[in-house]
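If you check TrEMBL, you get these features:
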- 17-131: domain 'Response regulatory' (DOMAIN)
- 184-230: domain 'PAS' (DOMAIN)
- 257-309: domain 'PAC' (DOMAIN)
- 341-474: domain 'GGDEF' (DOMAIN)
- Asp66: 4-aspartylphosphate (MOD_RES)
Amino acid sequence: MNSHGEQDDQAQLRSLSVLYVEDEDEIREELAVFLRRRVATVHLAANGQAGLDAFTQYQPDLVITDIRMPVMNGFEMAERIRAMSPTIPIIITTAFEETSYFQKAIDLGVDKYVTKPLNLDILAAALRKCARLIRAEAALREVDERYPLLFRPSHSAISVAAADGRAVETRAVARDLSERAEHALQLAARVFESSGEAIVITDPDNLILSVNRAFSKLTGYSQNEVIGKNPRLLKSDRHDQAFYQQLWDCLLGTGHWQGEIWNRRKNGEAYPEWLSITVVRDTQGQVLNYIAIFSDISEIKAAMQQIEFLAHYDPLTRLANRRLLEQRVEQLIALAARNKEQLALLFIDLDRFKVVNDSLGHAAGDVILETVAQRLRATMREVDCLARLGGDEFVCVLHEVIEPPDVHAAARRLIAVLDEPLQVAGHTLTVTSSIGISLYPGDGVDYETLLKNADAAMYSAKKAGRDRFAFFCESMNVSMAREREIESALRRALSLNEFVLHYQPQVAIGSGRIIGMEALLRWNSAQLGPIAPGAFIPLAEETGLIVAIGEWVLHEACRQNAQWQRQGLPPAVVAVNLSALQFRQSNLPETVRGALQASGLAARWLELELTESLIMQDAEYTIASLRALKEIGTTLAIDDFGTGYSSLAYLKRFAIDKLKIDQSFIRDIPDDDDDKIVTAIIGLAHALNLKVIAEGVETDGQLAFLRERHCDEMQGYLYSRPLPAAAMEELLKACCSPVQ
Ligand SMILES: Nc1nc2c(ncn2[C@@H]2O[C@H](COP(=O)(O)O[C@H]3[C@@H](O)[C@H](n4cnc5c(=O)[nH]c(N)nc54)O[C@@H]3COP(=O)(O)O)[C@@H](O)[C@H]2O)c(=O)[nH]1
């Protein structure tokens, strides 16, 4: 037997339960130790009757028994066991070598006869043989169950071994199945024909005798085309000679082989199949037939490949996913450590992707991500590892003799290629990116640390204005940790009622009267203390929390303003800032209407401020959205005017009422350049029939300048800082002190 078969036998043995019946205590205990090392369970009995009881109770797979024992001898016990279980292997161990004993054993269908004193090697071989018998029996049972009565071999054999290993006698024991009925054979033949699995029966020379319909369907060969041929006509080129050699060794050694194999259909297509072959032998052990049963497993394999793909790749971009990235980076780290080289991990995050995704829809977002993946692939070397972590986050790992100048160059290349405009859903968009870079081994020696540090560097690139890259340095982790802290407190702030609004008066420059006020959000965190808007509003935007927060601001500003009006205070417009994400919510008009209805505030007392850069991002969308807001009756102002790139053509089409000159232009008045810009903005607003307000007015000189240029309104510390509601109320009560 080949060693593979021996291993199979031993494995089979390890799963078996054995009943050992022996009246001599010493021998029984000694052999029990030997058996326990080889089989799963050993049941012991001291005589035939106890053995019979144990057999009924435990239903073991194999019985080893002495013959001469008190109460009931081994033959009688074996006979009764055989009556209950005709195929169970039985090994007889005895000191008696008389022929009558052998004859009796043969009549009983005993499988092995091992003489005492016991030679443990011979007993071990007998056990292995029985294990093989059990396995073959199981395989035959399987065939038998599927195709009843058709392929059942009709023999087993007994061999008798003496203590020195010499064969004493071998005889065939018939287990004749001839009584199987004619109608059962016909039934089996029908099963054969209608089986969904392909079946091939060959003769001892392995020439095809018969195939069923499923065979023809699967392979494309008709019965006539294959009868008399060797099944190797199906052979593909996917396996070497050693594979087939092993198959045949196993088949002839154990009587059975099953496994996955690639074959070829008549049309030339290779396909994988699950093949199970059984050898049918006659009573002399001569091969009668080979029966092969197989099914096409292409679909199962394709499904498995798909699962394998999904486990390691991002289905949208077909880049490696987070799991595969981690594996690859760990391999690259090991390689770099061996070769004493550096690695660079580039963490790439698209700027304001969420805004685009929310406004243009997820299908457009997917197109952007696919385009980015293509561009990254085209820009990086084949050897570099590229992955999508999820969302709009990508990672690129540069390796093989990496020095900082190479990394600079690569990062610059990536920024440039991602900056190029792309076409999505009929829009031309520019989606910039921010890149954080960590280096192995300087910034970390394991995947987790390198990724975390590159993430911190990416964050810092974003903070520095986006569309750039940054190398990691230790201080970044500190500021990132602080931001994470703020972010987690921010998620709870609304439910904890930690937000309030302050109001900054807006004043008509001509009359000096308060005509409005800007509602400005303030957060007093129970956990972190007061947090400046500049520190949490960008975070709220990045996380999307701004939508819920912004809705709260709208409701609160309207509620407060309506309440002041009900108190009889002079009516004033309340201006509320809308963030980009809020503006892109398709239900924004409903939200605004809801806030007005809930508070009872008339729409003309609510002004919505949108930044110039926001409304110019997608001007056509803006035109429609502004119109929808305008229909509600609110006024609309463009905030931070002068910092974006407005198109005059669009400005004329936007349903706006007011331009708000950015405070950066006011700050340096008098300054030649800024003076000119402010003058031009005022002129433009008036030319377009729009009001104009200057924000950040801090000095009398600035106010005088604005008054001279006929700027309509002003807002700034000169008149008042943003005030809590109670202070603003007092100011409204004191009613409009004129500007000096
Ligand atoms: N989406 C929302 N954004 C909001 C909301 N509330 C505030 N914000 C935005 O946060 C940014 C910072 O706001 P804040 O710290 O409140 O600063 C405002 C004023 O305090 C400040 N200001 C006003 N006058 C002066 C001045 O004379 N000098 C000076 N140095 N600063 C002054 O300007 C900020 C108002 O800016 P703007 O909105 O552009 O009019 C800021 O961008 C807010 O927009 C909110 O509820 N939602």
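Any Cβ shown, glycine's included, is placed from N, Cα and C.
Quantities reported herein were computed from a predicted structural model and do not represent experimental measurements.
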Listed stretch, out of 17-131, 257-309, 341-474, that has the most CB pairs under 8 angstroms to the domain 'PAS' (184-230): 257-309
Assigned element (helix, strand, coil) containing Asp66 (4-aspartylphosphate), judged by DSSP: strand
Tally of residues which DSSP labels helix, strand or coil - the domain 'GGDEF' (341-474): 59 helix, 37 strand, 38 coil
Averaged pLDDT score, the domain 'Response regulatory' (17-131): 85
Summary of DSSP states over the domain 'PAC' (257-309), given as helix, strand and coil counts: 12 helix, 30 strand, 11 coil
